[in-house]
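Shown next, in structure tokens, is the structure this report addresses.
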Amino acid sequence: MGTPRAQHPPPPQLLFLILLSCPWIQGLPLKEEEILPEPGSETPTVASEALAELLHGALLRRGPEMGYLPGSDRDPTLATPPAGQTLAVPSLPRATEPGTGPLTTAVTPNGVRGAGPTAPELLTPPPGTTAPPPPSPASPGPPLGPEGGEEETTTTIITTTTVTTTVTSPVLCNNNISEGEGYVESPDLGSPVSRTLGLLDCTYSIHVYPGYGIEIQVQTLNLSQEEELLVLAGGGSPGLAPRLLANSSMLGEGQVLRSPTNRLLLHFQSPRVPRGGGFRIHYQAYLLSCGFPPRPAHGDVSVTDLHPGGTATFHCDSGYQLQGEETLICLNGTRPSWNGETPSCMASCGGTIHNATLGRIVSPEPGGAVGPNLTCRWVIEAAEGRRLHLHFERVSLDEDNDRLMVRSGGSPLSPVIYDSDMDDVPERGLISDAQSLYVELLSETPANPLLLSLRFEAFEEDRCFAPFLAHGNVTTTDPEYRPGALATFSCLPGYALEPPGPPNAIECVDPTEPHWNDTEPACKAMCGGELSEPAGVVLSPDWPQSYSPGQDCVWGVHVQEEKRILLQVEILNVREGDMLTLFDGDGPSARVLAQLRGPQPRRRLLSSGPDLTLQFQAPPGPPNPGLGQGFVLHFKEVPRNDTCPELPPPEWGWRTASHGDLIRGTVLTYQCEPGYELLGSDILTCQWDLSWSAAPPACQKIMTCADPGEIANGHRTASDAGFPVGSHVQYRCLPGYSLEGAAMLTCYSRDTGTPKWSDRVPKCALKYEPCLNPGVPENGYQTLYKHHYQAGESLRFFCYEGFELIGEVTITCVPGHPSQWTSQPPLCKVTQTTDPSRQLEGGNLALAILLPLGLVIVLGSGVYIYYTKLQGKSLFGFSGSHSYSPITVESDFSNPLYEAGDTREYEVSI
């Protein structure tokens, strides 16, 4: 081209003619045209620009399937780039190959195809982008020609440039989302972009602030069998691999899932073929929390808040010390966690307790850090002017290996006031003469478990010490326990005061040297007794300590006449050879309800009447160390009933009863709906004690497929040996065999019914060419006729009766290239010899039948002629004259249908 001339818009008449000719030029290749204006024509401003834009839109309509307007999208779901982003228009050659997105035509002035920053990128900017406004009609435009008043020539060049743009869906495929709440939708599979992309493989990564998790709810889910949607939690951090929460077979509309971390992934795959439906998922962030810290043994924990910033404070029971941090803080993070390990409560082996007021001394457990041998020394010091009272709560020492000594003072040289080798355990306890006590425990590999719990209390010298009653309660008239105060004792259920009977109260006496006028009673679990309360407890002798051998205890439990007794076995751990027998009635002569031995789990028993008898027998003999803890039985009265408790039908299932009323012996049979399996016993029986033989079962949805099995001449690889929903089984054949059928089977769930495999199990067939059917021999036939036979298959031939087979009866297809039969097909020939007994067959048999038949016909015809022609008599023997003349052969009737002498033919078959 030469020197560019000044450009003027084309005259409106020419543009209008070109616009009218668009239907004829539609589909033709675009090319540049020079349009020269008529001399003396004026330069239109706004009207010519509008017509140019109309022309531009008409040129865009290159086919009926691509009806785009300038700067618009055909599919409303394919949004334009976000605001602020620049859509580059590259310089392209005139002939461009089709791209993967919609084609947009841009008009650039001066023939510049998007090159340089001065060229506008699009004639009409897409929504959401910023572009310079069009020039106002009133504002002067830029100079169109050289300065100096030279004659200007206007040339308009329309350049059509094919621009490949990348468009995105509202929620982009492979997109990172950081908002706290929103929606994730599947891309439109019917859009032009999706049709050209082929297989869609999209990953939506949702991440929120640390300390928050992500909760999703499936609002719409309509996927085909070929489409897959995976929900994964985690990922995005080193060492934190994503964990599968669910796949498309496990998801359902309305389902809610929570990610335990601040990141969640949605992985969607879809084939190229557009399908309806898709998915729509709502997501929102929720505040994560630390797990509840475990309670330490012999201690407890109190938590202010489980969310980040909350604290957990640990404390130990009396006699135990905390090992570790007393307070833990919930720290924020991808997964909030406590800032330390959970502490433990340990009994210390010795130590000094200053300013003692109230507390305990507990022996540590042998072994571990302290070793099998113990030497523990405690010093208990009270404040000035106070003394100490030591109460023996629980003591179990090995006579040969354990020793406990208590001294009134604070040194090993203080006077001994108790020695386990010489003294019995003081039920009243010990009182120090000074403000200190020295306690020493020695244990050398004991044969029996070591148990020691001593309760100490400091009290004023002008007052009595506070009485203590293990397994009981103490009420007093003076909480300060000054002289004159009364203390009354009562035991907890299952225990009895010892010594029994009144007085059950003691008094603080002697103002000069205050002391109690009697010893404190004790609450002990007794061996036997009569119990008539509506509810109570039966304990083994000396509970919670182990019972001693040589026990024979009988308890009688009685309630109101119209009631019966429900017995709950909470703890049962008796020695081998010991037995607890329950009698359904008053006395050991009643029917035996149950006999319990050794350790037993928790269970319930029901009497038939208002009386129940319990007998515990432990033969005398040396105790078995480590066993025989005892038992704890709770009882209460319940209404009398002659039926077992009503059991509701299971969810997703039903039950049938053998009787209308749930009386003794009634059998309940449980079944589940299709797609669910029964967890528990399917048959329950109402027992004699009106309790069911087992806990009611439940119906659980089956989430596994049946084992599809192995294949001959091949092997398989399973992603999960249990075949859960979503698992895959890959089949492969041995060398020389080819797979017929689907190579991979997928277990998918169904709304009704059990999970099912996506296809049938394939087969492994030989890779050799099949043998063609050799044909059927004349006068013979084959078994299982088909056109092709695989290598190794056999074909068998048979002949019809009267023919004999010449050749091989069975031929086999031998593998090869090509495969061949082992021999030629046989022939069927007529049998040479005939059995004499069958000589009448064929023509002889026909002659034997037709010859007698012909004789019968001849004789019958002769008799007929004889009677009718020769004798002139009727064959039927009618007699008498008639009132009409016989009709002769020459009748007056002219109708041939009534002509005499008609001929009839009879066909006789035998």
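In case you wondered, yes, glycine gets a Cβ from its N, Cα and C as well.
Feature annotation from Swiss-Prot assigns signal peptide to 1-27; the stated evidence is experimental evidence.
Here Swiss-Prot flags 28-844 as topological domain 'Extracellular', drawing on sequence analysis.
For ASN176 (among others), the entry in Swiss-Prot reads N-linked glycosylation site, with the evidence type sequence analysis. The C-beta environment of ASN176 (N-linked glycosylation site), restricted to residues of the same chain at least 6 apart in sequence and closer than 8 Å, consists of SER205, HIS207.
Here Swiss-Prot flags ASN222 (among others) as N-linked glycosylation site, drawing on sequence analysis. Taking all protein chains in view, 13 other C-beta atoms sit within 10 angstroms of the C-beta of ASN222 (N-linked glycosylation site).
The Cβ of ASN247 (N-linked glycosylation site) lies under 8 Å from the Cβ of GLU228, LEU229, LEU230, VAL231, VAL725, GLY726, each of these being in the same chain and 6 or more residues away along the sequence. In the three-state DSSP classification, ASN247 (N-linked glycosylation site) falls within a strand. Under the heading N-linked glycosylation site, Swiss-Prot lists ASN247 (among others).
Taken from Swiss-Prot, the feature domain 'Sushi 1' covers 288-347.
If you look up Swiss-Prot, you'll see ASN332 (among others) marked as N-linked glycosylation site. ASN332 (N-linked glycosylation site) has a Cβ environment of 17 other Cβ atoms inside 10 Å.
Close to ASN355 (N-linked glycosylation site) in the fold, though at least 6 residues off in sequence, lie GLU381, ALA382, ALA383, each with a CB less than 8 Å from its CB. Per Swiss-Prot, N-linked glycosylation site is recorded for ASN355 (among others), and the stated evidence type is sequence analysis.
Using a 10 Å Cβ-Cβ cutoff, ASN373 (N-linked glycosylation site) registers 12 neighbours. In the three-state DSSP assignment, the secondary structure recorded for ASN373 (N-linked glycosylation site) is strand. Here Swiss-Prot flags ASN373 (among others) as N-linked glycosylation site.
Broken down by DSSP into helix, strand and coil, the domain 'Sushi 2' (462-525) contains 0 helix, 24 strand, 40 coil. Annotated domain 'Sushi 2' per Swiss-Prot: 462-525, in sequence order.
Around the Cβ of ASN473 (N-linked glycosylation site), 11 further Cβ atoms fall within 10 Å across all displayed protein chains. The N-linked glycosylation site annotation in Swiss-Prot covers ASN473 (among others), and the record cites sequence analysis as its basis.
Taken from Swiss-Prot, the feature N-linked glycosylation site covers ASN517 (among others).
Taken from Swiss-Prot, the feature N-linked glycosylation site applies to ASN641 (among others). ASN641 (N-linked glycosylation site) is surrounded by 12 other CB atoms, counting those within 10 A of its CB over all protein chains shown.
Looking at the topological domain 'Cytoplasmic' (866-910) alone, the prediction's average pLDDT is 44. Marked as topological domain 'Cytoplasmic' by Swiss-Prot on the basis of sequence analysis: 866-910.
Reduced to three states, the DSSP call for ASN176 (N-linked glycosylation site) is strand. Of all the glycosylation sites listed here (ASN222, ASN473, ASN517), ASN473 has the Cα closest to the Cα of ASN641 (N-linked glycosylation site). Neighbour density for ASN517 (N-linked glycosylation site): within 10 A of its CB lie 12 other CB atoms from the protein chains shown. Under the three-state DSSP scheme, ASN222 (N-linked glycosylation site) falls in the strand class. Rounded to a whole value, the Cα-Cα separation of ASN222 (N-linked glycosylation site) and ASN517 (N-linked glycosylation site) is 86 Å. DSSP places the residues of the domain 'Sushi 1' (288-347) in helix, strand and coil in these numbers: 0 helix, 24 strand, 36 coil. Under the DSSP three-state reduction, ASN641 (N-linked glycosylation site) is assigned to coil, being neither helix nor strand. For the pair formed by ASN373 (N-linked glycosylation site) and ASN473 (N-linked glycosylation site), distance between Cα atoms is given as 37 Å, rounded to the nearest Å. Reported as a whole number, the C-alpha separation between ASN332 (N-linked glycosylation site) and ASN517 (N-linked glycosylation site) equals 62 Å.
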